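**Q** Please see the structure below; I have some questions.
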Amino acid sequence: MNHLDRIGVILAGGKSTRFGRPKAMVQYQERYFYEASLDALQHHTDQVLIISHPTLTNQFRRNEGIRVIEDDPRYQGCGPLAGIFTAIEKESAYWYLTAPCDTPFLKKEIYDILFSYLDQEPDKKAVIPVVNGRKQPLIGLYHRSCLAPIQSLLEQQRYKVGFLFQLVDTLFVEDKAFEQLHSSFVNINRPEDLSEWT
């Protein structure tokens, strides 16, 4: 299999328990939440992969040209780390650009900034934005070499993405431009969260 330089990965394998229905399929301003992630990623790669919850797979597959797969059965229900693992295991690339399915204001410029920092430190294996002192691991860049450490964490049932950063050389990016793009990092967990933006 030939390696692509980059693959976009939309993480949509969660249960949306707090929202009460699948967040990816909620509409804001006449488009689904996940479409903001799709738009942002498609500016940086020709291939976008959706890691889907089993109940949404058929709906996502209506998108022509978008590959849709479910979490590796060994790790279904184990959170975003399982989604990143599945993407790296199933699709061959050097870099995986991740995005959640519940960030309806995500902008492509976030990835421009992350890649600009990676260009300065190309040996890093993960590039993660930090906004107001908080790491944002679901909007990031992950090198294919993260596969083995992620699998090790999953086997140990250590499901927090943050554990990965203790194992791989990670670049944490704090950039003033994130202040103007702060809405990109707003994830919608409850219906009332969305009402604040309407």
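Using N, Cα and C of the backbone, Cβ positions are placed for all residues, glycine too.
Note that the coordinates shown come from a computational prediction; the quantities given were computed from them, not determined experimentally.
Here Swiss-Prot flags Leu11, Ala12, Gly13, Lys23, Asp71, Asp102 as GTP binding site, drawing on sequence analysis. Marked as Mg(2+) binding site by Swiss-Prot: Asp102.
A description of the local structural setting of each listed feature is requested, covering burial, neighbours and distances.
**A** Using a 10 Å radius centred on the Cβ of Ala12 (GTP binding site) and all shown protein chains, the other Cβ atoms total 27. For the recorded site, Ala12 (GTP binding site), the DSSP three-state label reads strand.
Secondary structure at Asp102 (GTP binding site), as computed by DSSP, is coil. A simple way to gauge crowding: the CB of Asp102 (GTP binding site) has 26 other CB atoms within 10 angstroms, across all the protein chains here.
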**Q** Is Asp71 (GTP binding site) helix, strand or coil when read with DSSP?
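**A** Asp71 (GTP binding site) sits in coil per DSSP, no helix or strand.
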**Q** At a 10 Å cut-off from the C-beta of Asp71 (GTP binding site), count the other C-beta atoms across all protein chains.
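**A** I get 23 for this one.
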